[in-house]
Amino acid sequence: MGSINSEEDRRTESFAKFELDAESLKENYRYGFGSYTPDYLQFLNNPYFLSFFMGLASFFQSIAVNGAYPMAISSLERQYNLNSKQTGTANVAYDLSVALIVFYVCKKGNTGHKGRWIAGGVLFTSIGCLLCGLPHFLYGPYQVPTVINHKNTDLGQCTFRNITITNNLNELTYFEKFIRKFKVGNIGLYLDPIFLMLFFGMFINGAGSTPLFSIGTAYLDENVSQQSSAMFLAVNAFMQALGPVFGMMGFAYLLNIYVDFDTIDHNDLNLKDSNDPRWIGAWWLSFLITATASVITAIPLFGYPTQLPGARIHRMHDIDQRHQVAKEVEDKLEYIGIISCIKSFKYIISNLPFMFIILENITESMILNGFSGFMPKIMENLLNVSPLASGFLSSSVIIAACCGVILGGAILQKLKLQLNGMLKINMTFHILAVFFMCAFIFHCPSKEFIGVNEGYHGTLVKQSKITLNDTCNANCYCKEEWNPVCHISTNKMYFSPCYAGCKENYEDDDNTILWKNCSCVDGSLNTTKIKQGFCDIECGKNRYFFILLIMGGTVCSFAAGIPAQQALLRMVPFQSRSFAIAINWVLLRLLGFLPGGYLFGAVIDGFCLKWSKTENEENKSCLIMDTHGLAMRLMQICMICKLISILGCIVAQITYKPTDRGTAITTDSEVPCSFAINDDRTNDEKLKTRTK
């Protein structure tokens, strides 16, 4: 045994074989489509363009799931009478899909053509986006509720006669008539056709994105050096996090376009603009845009080979830094097929640091999925802003997430940390994030609705005793039709002009509808104006504190995600890595993302003070929210999840035990060799440690 120092020593059979492989890479792994691999396309055949196209695919996929869908939730709930449990359950269909197929995708994709698996998945997501937008085309135009009499001059005010509620459109499409027959028999909320379209649309999105976020991670990592791996993956995560920023900011403008602009002029429906509480924006356009973008992005990904030129060279320079487990477990990982899966599973579950990092990821994914699905709605309620403004504010939080992933990747690349250092950085960021959770203290006051959370005579009302009726409006024959109005001088709101006892309406110089002579308003204030819409709630500087603290917590949480991801990849052998990623994704989806979306939906519904009702008195969509109770409960959930994440980091550090081969360089091989990281020695130094 001796060191390899001379040129002659390097002419071993192993090195000759390696050099032959290296020379043949350019011919065997060319970019192209089938047999069409022209030279002018080969400039794309490198990890930089691969990272760019994968990042672009992540960008548009994230726009669809974390941008288009969250921005559409509020509109979907009001247009189709859905509640947050339904929209939350539809959202977790994405994660359910991933959990069901990720093992199959990792097994087949790891031994197959990774590039084509990724491209095919991206193409598949376009079908899911189209399915989410399908209700707009199958159902008739949005039916705006209006209260009218024979002269159509009431506008929902007190008329002292029993009037009827009608809609601006009386005709039902054939599909709607069929659905109404289908829904007879009380078959349940989760068999509602609108819910099913959203559910299966998100399910298909999850199936299509699985190759991108499972084998895609391995595909990119194995084609770059270990020193640059963290930064490449951080850039990919940055693009994924950047998607909702553009999605929410861009699609917020779509909410200023009337939902049925393609068939109806909203001015004919007595709807002035998006400030009207009854307004529904063109939510469906966002799904059409993302479907088109996904198809375009998939095309260049189909051209990548099974591995890029130079991939084997990178693996030649790896060092082994796995967590040490029983040797008899590790030695049996060479089997193939189902036996390999069983042995790999035994290896991974006996890897305690790996499992506790997964525990950390589970709690983080609960927060992530809950907020990503309901962030615009949470902002809208806690900060008392319009859907348009909530979209922009949500974008600022996602920008913080982008900064977080870049910060995490940059720190790992700069410090060249080994696995123990990664775990320490991970824990540090989580500890910092805990202090930012006090953001929820700085929410805006709840809207004061007479007859909902405040009595008609200035008394507080228990939720169990909520009533809109009072002696002041007893002779108005009011219907529970949502048309909120604001008493300007007191900043108190009423469910409708009728419940305020208003008997006359008029228009000011700005064509704003106002009411007067309102019997439910305090007599001394009865001469003041009542306007249509919500009152302006004074928040002071609370909005600024809330946004800044949430952004700080988001930066820390996402910065912690990069070292956690790198640690997971380094704790297992190379040949078991795809299987380990599959286990991680399944546990995250089943125990984190799935309950997270449903939990946040249930929490939001639990603090609803007033629901719109169906003809059968069933709850539809939430109209008025208890913002203080919601804010405090969200803070409690985030605190608990963060503390569990910190506990997982601590136990992972305590139980991590490096293998005794931690300083050995892996040997060249026909198959992926054992995995290692961050060997910052020069090539000559590495060659000196090699033996014949």
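Cβ atoms here come from the backbone N, Cα and C positions, even for glycine.
In TrEMBL, annotation is done automatically, which means it is predicted and not curated.
Check TrEMBL against the ranges 85-104, 585-604 and you find transmembrane segment recorded for 585-604. Within the chain, the transmembrane segment (48-69) has long-range Cβ neighbours (under 8 A, six or more residues past its boundaries) at 91, 94, 118, 122, 125, 128-129, 132, 202, 205, 208-209, 212-213, 216, 219-220, 223, 232, 235-248, 250-251, 283, 286-287, 289-291, 293-294, 297-298, 300-301, 304, 308, 372-373, 398.
Same-chain residues lying 6 or more positions outside the transmembrane segment (352-371) and placing a CB less than 8 Å from one of its CB atoms are 91-92, 95, 323, 378, 423, 426, 430, 557, 560-561, 564, 567-568, 571-572, 580, 583-584, 587-589, 591-593, 595-597, 599-600, 637-638, 641-642, 644-645, 647-649, 651-653, 655-656.
A contact between the transmembrane segment (118-139) and the transmembrane segment (423-442) is absent, since fewer than 3 of their C-beta pairs, 6 or more residues apart, lie under 8 Å.
Highlighted: of the candidate stretches 232-259, 279-304, 423-442, 544-564, 634-656, 634-656 has the greatest count of Cβ pairs under 8 Å to the transmembrane segment (585-604). Contact between the transmembrane segment (232-259) and the transmembrane segment (634-656) is not supported, since fewer than 3 Cβ pairs fall under 8 Å when only residues 6 or more apart in sequence are counted. Annotation: stretch 423-442 has the most Cβ pairs under 8 Å to the transmembrane segment (634-656), among 279-304, 391-411, 423-442, 544-564.
The average pLDDT for the domain 'Kazal-like' (466-522) in the predicted structure is 82. Against the transmembrane segment (423-442), the recorded stretches 279-304, 391-411, 544-564 differ in Cβ pairs under 8 Å, and the greatest number is found for 544-564.
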